[in-house]
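Scroll down for the structure; my scribbles are underneath it.
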Amino acid sequence: MCLEGGCGACVVTLKGVHPVTKEKTTWAVNSCLQNIYSCHGLDIITVEGIGSKKNGMHQVQKRLANFNGTQCGYCSPGMVMNMYSLLESKNGKVTMEEVENSFGGNICRCTGYRPILDAFKSLASDADETLLNLCKDIEDLDGTKTCPKTGTPCIGSCSAIGKVDPKHSLKLTFEDDREWHKIYNLTELFKVMGTIGYRPYQLVAGNPAHGVYRRSADLKVFIDISSVEELRGFKVNDNTLEIGGNVTLTEAMEIFTKVANEKKGFESLKEFVTHIDLIANVPVRNNGTIAGNLALKYANLSFPSDVFVVLEAVGAKIVLFSGAQKQDEHNPLAPSDFLNVSMRRKVIGKIIFPSLSSSFVFRSYKIMPRAQNAHSYVNAAFLLQFNEEKTFIKSASICFGGIDDFFDHAEKLEKFLIGKDIYLNEVLQNACEVLEKEIKPDSDPSISSPEFRKHLAISLFYKFVLNTSPSDKVKSEFKLGGETLKREISSGQQQIDVNEGKSKLYKRIPKVEADIQCTGEAQYVNDIPKFENELHAAFVLGDKVNGRIKSIDASEALNISGVVAFYAAKDIPGLNNFMPLRFKMFNLKIEEVFCRDKLLYHGQPVGIVLAETFDLAYKARKFIKIDYSFDHDDEPIYPTIREVMKAKADDRLFDVPEYYLKASEYGNDKQHKISGHFEIPSTQYHYSMETQQCLVVPSEDDCLDVYSSAQWSDTNQISIAEVLNIPVSNVNTYVRRLGGAFGGKISRQGQIACAAALGSYLTKKPVRLIMSMEDNMRAIGKRFSSMSDYVAEVDNLGKIQTLKHHYIHDQGCSPNEVVQFNTSVYIGNCYNIKSWDVTTQSALTHSASNTWMRAPGTTDAIAMTEHVMEHIARVVGRDPIDVRMENLEDGSEFKTMIPTFINDVKYRERKAAIDKFNLKNRWVKRGIAVSPMKYFIAYFGSMHGIVSIYHGDGSVALSTGGVEMGQGLNTKVMQVASHVLGIPFEKISIKPSNSLNNANDIGSVASVTSEVACYIVKKCCEILMERMKPFKDENPEASWEEIVENAFLKNTDLSATYMYKQEEMETYYVYGLSCAEVEVDLLTGNILLKRVDILEDTGESMSPGIDIGQIEGGFVMGLGIWLTENLIYDPKTAELLTDRSWNYKPPGAKDIPIDFRIKLVQKKPNPCFVLRSKAVGEPPVTMGVVVSFAIRHAIDSARKDNGCEDLWYVLSPPISPEKIILAAGLNIKDFKLN
């Protein structure tokens, strides 16, 4: 998906012989980074290779499926193979800690990770008993598969391991004058280097560097040195450890651990292991080498290399080899000197680590946006040598990364420290002042502010001093500041009512697709086999905002062999618009498939290029030249709502008066007037693991068969017909499943489908358009950002007497899809709004037109209101819960729910304990908060379904217009069909939706599609049961199959259809409460989400396992808004700077709550829905805001300690380490020991 090793969806297993130990080894790699030619002599094992439904599933696959560890399933094969590789590499013996630490590189947008981790931890040697109990119903499968050649159990006889002669190198030559060499010793390496002349070349080991900086297209020679024995070993004596440059980071961790435990003087290597564990992720560390990391720093000084910083600080030396005799005139080199040496025809041979006596103290740190798999804001390593009595410093090495391209040593601080006792307050204070003057970070808006990075560097030095100081010299309140936050192994609790009846309905069962998702057999758009003469399409994106397109020259691209065509706006035979204006509620203005004139945002598609391969299409578009003209040289650019408001660009704002709320009465007890500002300045990227994708195939009847990752096929069908000026009936759409969507594939998919359809229509060939992650992020809209201002007048208890609230949404470049219709309904949440006046506007910015995203308009609506409640509580001096209780609407469910909930979670006791903790600790704080959620559920449009019974064996097939995208729709409709028809689950199958059976259907939106589809299937099944009733009555003892056959013989229609209409359904509310407890390290800004409790009203849950997964996944998606996800635009060009997995960070497996507790409201059926359940997909997203209030509670304590005024302060998401440190009001003058 990401094509850079950042998401884990493509993880596979490699097996081979280690070049030094000669032992067979197993490791996980990201296939997107693994050079296929580097696999010479290795076995490659994919998810299909360890098990299948037909031949038997591996235990890893089965555990993940049965623990409800899949939703959309797109990440599941990568998850499976990462765990399989871990088990194989450890001979089946792993601990829960190892499991939990191994998934930092595997992103799941759906599940919230908890069930995935539980599934795999159940395979650990120290698995918790509660996890083992969940495995009792899983049959004992060994994953044995049958060899397709012999029909006998596979014993790996087809293995390539050991069949490659290391005495013979490999050379491959290609038509474009490129070469690939696989070599096995240094003699061969330098022989090859001597033949390549001045052609650009690259040494290849694991290739993870391509995931950071894209490989140059000019390279001509690739030399694979991953199997060179001289570069993969290690040697240790009393004074040094020598380790080969090509030792992988994973191997280095093992070597360092072994040496640290066995050899005196190398204890500091344990610190190295801890630091390396924070580099990238397991598959990257499995392939990435020490030399590769250093080479990346060598080629790109801005790269924040952790290896470089640690090696430089500890005084390690780099030895270069420039010939088979391993000699180089520069040896040995300090890492900082290595950066200045020519590396032409040289290789990093080894790194020498010195032993350190007990007089040395070493620590290293890495602070990053999330717990794992992220590059650092700042990294640091400190080495001090003391005199024998440890009263003064003899030498100092103070190193930082992330300051600027050239900063490595804090030389002035190093000089200052010599001869001084750093464990004296005065010396420490002076040292911090020296460091403050010395460090001058550069400006990089895509990372963090210079102010923050300077403060962080000083804070890390202070943390180091606290950590290494004699205990008796440190004030007790300061001691925790010297520690790093320690995350325990996570766990979860789920409290539900279980139906004990025979029916599958209302029971916790695995998803019906779980098995095939875990075996890799589930088919998504890009899994559809290639068609003959198929072409690949890639968008050509504009990059000059406000520029008018004068001309587009594609001639150079079209001259490339294999490039077939380029199409732009002028080639569209119909209407250049993918947002049909007939949908008047959402679509107010044309949105062009390809920009025809003025470019509205950076990344707007201006055309597509068609080529024979995916890579060629993306390569060719770089040669297409766009000439622009500008109406004004200085026309302003507004990438976000902040720039609009700062410039007071009123022409970019428009009122939305139909969604104003007007007070009906005001209170008179106005004791306090409170005004404030709130914003969610950064939108959120959908991050569906399957990007926007579409395959269009011309058919024999002049129609187009469209296979798209669409939530709403009807709009796609209409858009394509209008763009091509053909009948709508000539567009056949098919959707089986989506690899995640979250609203991003409702309307935006139309642009992708129209572009692919245009290419197919004009070339008369199949066209496959698979968007890269970067293109998806640049070209497609995201969640609406917002900001609001409010003035409230309240009484002494905090009850609102009047509230004036004005909010603005960032529409992006188009006024389409205004979400105020949602916000206006939800902004009241659970409160009495009779005295509220709410007005709203929308802002047009120079970004992609924002669009629906899980809980659109509702997430910020509830957040705005809960923010106001927190502010009021601060002013009137009451607990926020009590203020909320004062403002509840009459007859509110929460008048009983809140007291019960806070008692169940022991909120008041925990808050008292937290306040006590905060009084005793200066640099680590805790916080706790509770937030309510009232979520309105409404229905839209109409939808069809069909259920067919086959008389041959009584099996049943069904299809609805609902799209399965991870929410468990297919499972629930099968549960309903099984329940109503009274037949086994196994007799029922689901068929894909299409534009014939599901013509004119509403999209799968707003969390209600599962309910609607279940309602449709229930109606269809009831019709069928009524038709077959006479045959059942005739022979009550007859089997299902006999009844079906008898009905068939009487010409009974065994297919039933039904069309749901929104008028048939009643609206209702979902109620929820969340409680979050956090721990905050004020010196780093890092947090631990210690515990989260969620209570949600799901009615009588039809499938509790699925609903719990939706709640956990939705909440964790909400965490992304409040903690880690940040879209940053260049203010001058409006270019999106965070457009990759490298710099855009959704929550990972170790960012979720350590203690994650979900409780479904017990025994409360929903009377408004015939099956008594409630929608569940979107409401939990809105509860993520509770974490921001818990963090604020922690920061409030810090601000009090730091002498800040007791005033309300803005704390906008994402609440990053930077925002925490700056909000806490830390002052380096307070950095003392006692």
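Using the three backbone atoms N, Cα and C, a Cβ is placed for every residue, glycine included.
Note that the structure is predicted; figures quoted are calculated from it, not measured.
Per TrEMBL, the feature [2Fe-2S] cluster 1 binding site maps to Cys2, Cys7, Cys10, Cys32. For Cys2 ([2Fe-2S] cluster 1 binding site), the count of additional Cβ atoms within 10 Å of its Cβ stands at 23 [all protein chains shown].
Feature annotation from TrEMBL assigns [2Fe-2S] cluster 2 binding site to Cys72, Cys75, Cys108, Cys110. Non-local neighbourhood of Cys72 ([2Fe-2S] cluster 2 binding site): Arg109, Cys110, Ser688, Met689, Glu690, Arg737, Leu738, Gly739, Gly740, Ala741, Met965, Gly966, each in the same chain, at least six residues away, with C-beta under 8 Å from its C-beta.
Residues or ranges marked as domain 'FAD-binding PCMH-type' by TrEMBL: 173-358.
Feature annotation from TrEMBL assigns FAD binding site to Lys366. For Lys366 (FAD binding site), the count of additional Cβ atoms within 10 Å of its Cβ stands at 27 [all protein chains shown].
Contacts of Ala1006 (Mo-molybdopterin binding site) defined by a Cβ separation under 8 A and a same-chain sequence distance of 6+ are given as Ile937, Ala938, Phe940, Ala1175, Glu1178, in order along the sequence. Taken from TrEMBL, the feature Mo-molybdopterin binding site covers Gln711, Phe742, Arg854, Ala1006.
Over all protein chains present, the Cβ of Glu1178 (active site, proton acceptor) has 26 other Cβ atoms lying within 10 Å. Summarising the annotation, TrEMBL assigns active site, proton acceptor to Glu1178.
Taking the Cα atom of each, Cys7 ([2Fe-2S] cluster 1 binding site) and Gln711 (Mo-molybdopterin binding site) are about 23 angstrom apart. Residue environment of Arg854 (Mo-molybdopterin binding site) contains 24 other Cβ atoms, counted within 10 Å of its Cβ in all protein chains.
Less than 8 angstroms from the CB of Gln711 (Mo-molybdopterin binding site) sit Leu738, Ala741, Gly743, Lys745, Ile746, Gln749, Val963, Met965, Gly1003, Ser1004, Val1005, each of them six or more residues away in the same chain. Checking each of the binding-site residues (Cys75, Cys108, Lys366) against Cys10 ([2Fe-2S] cluster 1 binding site), the C-alpha distance stays within 10 Å for Cys75. Summed and averaged per residue, pLDDT over the domain 'FAD-binding PCMH-type' (173-358) gives 95.
Listed binding-site residues near Cys108 ([2Fe-2S] cluster 2 binding site): none (candidates Cys32, Lys366, Phe742, Arg854; Cα-Cα distance within 10 Å). Note on proximity: of the binding-site residues Cys2, Cys32, Cys75, the one nearest Lys366 (FAD binding site) is Cys2, by Cα distance. Taking the mean position of the Cβ atoms of Cys2, Cys7, Cys10, Cys32 as the [2Fe-2S] cluster 1 site, the remaining residues of that chain whose Cβ falls within 8 Å of it are Met1, Leu3, Glu4, Gly5, Gly6, Gly8, Ala9, Asn30, Ser31, Gly78, Ser1141.
Long-range Cβ neighbours of Phe742 (Mo-molybdopterin binding site) (same chain, at least 6 residues apart, Cβ-Cβ under 8 Å): Arg109, His686, Tyr687, Ser688, Met853, Arg854, Met1117. Sequence-distant neighbours of Cys32 ([2Fe-2S] cluster 1 binding site) (same chain, 6+ apart, CB under 8 A from its CB) are Cys2, Leu3, Glu4, Gly5, Cys10, Gly211.
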